[in-house]
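Everything below concerns the one structure shown next.
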Amino acid sequence: QVQPGFIPELQGRPQNGAVPGEPVKKDENSRRGNWGNQIEFVLTSVGYAVGLGNVWRFPYLCYRNGGGAFMFPYFIMLVFCGIPLFFLELSFGQFTSLGCLGVWKVSPMFKGVGYGMMVVSTYIGIYYNVVICIAFYYFFMSMTNLLPWTYCNNPWNTPDCAGVVGTPRANATFANVSAVVSGVTEIVSRTKRTSPSEEYWRNYVLNVSDGIGDFGEVRLPILGCLAVSWVVVFLCLIRGVKSSGKVVYFTATFPYVVLTILFIRGITLEGAVSGIKYYLTPQWEKILDAKVWGDAASQIFYSLGCAWGGLITMASYNKFHNNCFRDSIIISVTNCGTSVYAGFVIFSILGFMANHLGVDVSEVADHGPGLAFVAYPEALTLLPISPLWSLLFFFMLILLGLGTQFCLLETLVTAVVDEIGTDWIIKNKTYVTLGVAVIGFLLGVPLTTRAGIYWLLLMDNYAASFSLVVISCIMCICIMYVYGHKKYFKDVEMMLGFPPPVFFRICWRFVSPFIITFILIFTVIQYKPITYNDYVYPSWSLVIGFVMALSSVICIPIYALFKIAVSEGSTFLERLKNSVKPDPDWGPALQEHRKGRYATTGPESVEVCPLKEDLKDEGKEKLKEKEDEIGLTIPGSNGSTLNPSPSA
């Protein structure tokens, strides 16, 4: 007996996703393309989520927010906000096979959320590649017998410099001291210690100016590395997900090899245990600070990539029945596990340095991205064959950054291509990629000046902070309450073969929006202006920071008003109602997947059929089509042989 939805020719073939009987095709969506296989999607998403922030942002936030005490709000946000939103965005993009703009056919009035995601991805993509280019610079500078930040005998060093490795110019460096003592002994009596790696970073690599308004000259070596970084990103994305999907086999896995090597080396150093204790020991009084919770929420969004548009974009290249629920759990856990693991690597070396200098762990490194370019380079000078380890470490940073940058660029390119949607633009997608890369390079040039570090930190703290929280909250409200949670649960069930778990339904509807709103309010109340070491940002620069933050959020009401204005209707309420109705094209991209209420072209179609009936009807239709094509012989119930004719 031939079962509905089953075609004999498919027996023994691997099935795609959760729905039995789905034929495996090279590209399910031949016009738009799909991932070569599901491993490519998972590795790309891991590479997207696991980035530079896992190395220098998460350990820094732990360091600033009370060590292990930060773990509590971090995992609370992960469970109740991070993973549910991750699954929501993956399912959202996969269901429609569209990028961060196209998916808002679900409720056209909210398309401004997609534009907001594009603005956020643009800001992050600009300064993120600058950090990658600095890693490129350190990588090139490590191709030497002696790392240039090992000693304090360089033209850019100051009298306050004291390294963990003995300096051959102690007499010259400490000439103002009455007695010549070792660098380590001298530093104990100083109130402020600067390491050779810190001075190399500030005085040579960046040549930091006196303030954010003093741009100075462009640092040509950094500018050259920025060009190299953008060229690499473009070449890896020259064929879209087809080429980047192959690159991530290396870029998403090799960093773990280097992290493990550095972890093994770090825990064998004296004082490493004290650093790890500082990392894990909670300072519970900081739990009452709303900024700690705000940082936890921001870090979840920043690290997992929620509200950037990247998750929607990457999932849009999945096949329709892929189990994105499974993928969301795997990727989220891998990402956050990597953050914690990187913290052990960082703090084991910080503990060793603190023990070596006789100071507290909190005094051995700067805040922010300088942690990766100050603390680590200094620690690497203590390792045998230090240039080799330095090459490996900065190569790892490059790979971590590129994995995220691939998705940021693809997000923007996919949004543009999907929005225009013509055959020409799809065929010439490479030119769109090139154009976006060139524009990104030009916008990043000001960050290669002497004031670049001030602007980089300003963008990091404002452009990709509370705006992510706002975008995520509005996305939840739109899908769950405007479009309707029952309809979306049915959509997910039609796609995966099972409805979303109850926990995720509750989080999507109530918990995640409530927590996000709560954190946003208290973060605004306890806002503190940004500083960089002892430098206090002037008021005009903070205004620019707020403008950057609001520029992504303001897209939402502006587009909503525009959509209402151009919608049909004689009254405001009629226009409002029509502007939130799903677009006629909303739903699965391929006709073969448009079943039940999506079987007709209009947004208001027939009543939704139960999922099992949909699958049964789909199987019968496939069987009938096959019979019509090849005159399939089917055994009758009475043992006779039926040869259906085309008219049967």
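Each Cβ is built from the backbone N, Cα and C atoms, and glycine gets one as well.
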CYS161: disulphide-bonded cysteine as recorded in TrEMBL, out of CYS133, CYS152: CYS152
Cβ contacts the transmembrane segment (253-280)/the transmembrane segment (503-527), at least three under 8 Å, sequence gap 6 or more: no
Contact between the transmembrane segment (388-409) and the transmembrane segment (539-562) (3 or more Cβ pairs under 8 Å, separation 6+): no
Range from 41-59, 113-140, 329-354, 430-456, 462-483 with the greatest count of C-beta pairs under 8 A to the transmembrane segment (503-527): 462-483
Tertiary contacts of the transmembrane segment (462-483), as residues 6+ beyond its ends and Cβ separation under 8 Å: 81, 85, 88-89, 92, 106-107, 110, 113, 116-117, 120, 123-124, 127, 294, 297-298, 301-302, 306-308, 508-509, 512-513, 516-517, 519-520, 523-524, 530, 545-546, 548-550, 552-553, 556, 580, 582
Residue numbers, six or more beyond the limits of the transmembrane segment (113-140), whose CB comes under 8 Å of its CB atoms: 51-52, 99-104, 205, 221-222, 225-226, 228-230, 233, 307-310, 312, 369, 372-373, 377, 390-391, 394-395, 397-398, 401-402, 404-405, 408-409, 411-412, 415, 440-441, 443-444, 447-448, 452, 455-456, 459-460, 463-464, 467-468, 471, 474-475, 478, 548, 551-553, 555-556, 559
C-alpha spacing of ALA49 (Na(+) 2 binding site) relative to CYS152 (disulfide bond), in angstrom: 37
Outside the transmembrane segment (41-59), six or more residues from its ends: residues with CB under 8 Å to it: 35, 128, 131-132, 241, 244-245, 248-249, 251-253, 255, 279, 299, 302-305, 310-311, 314-315, 317-318, 322, 327, 330-332, 334-335, 338-340, 342-343, 346-347, 368-369, 371-372, 397, 400-404, 406-407
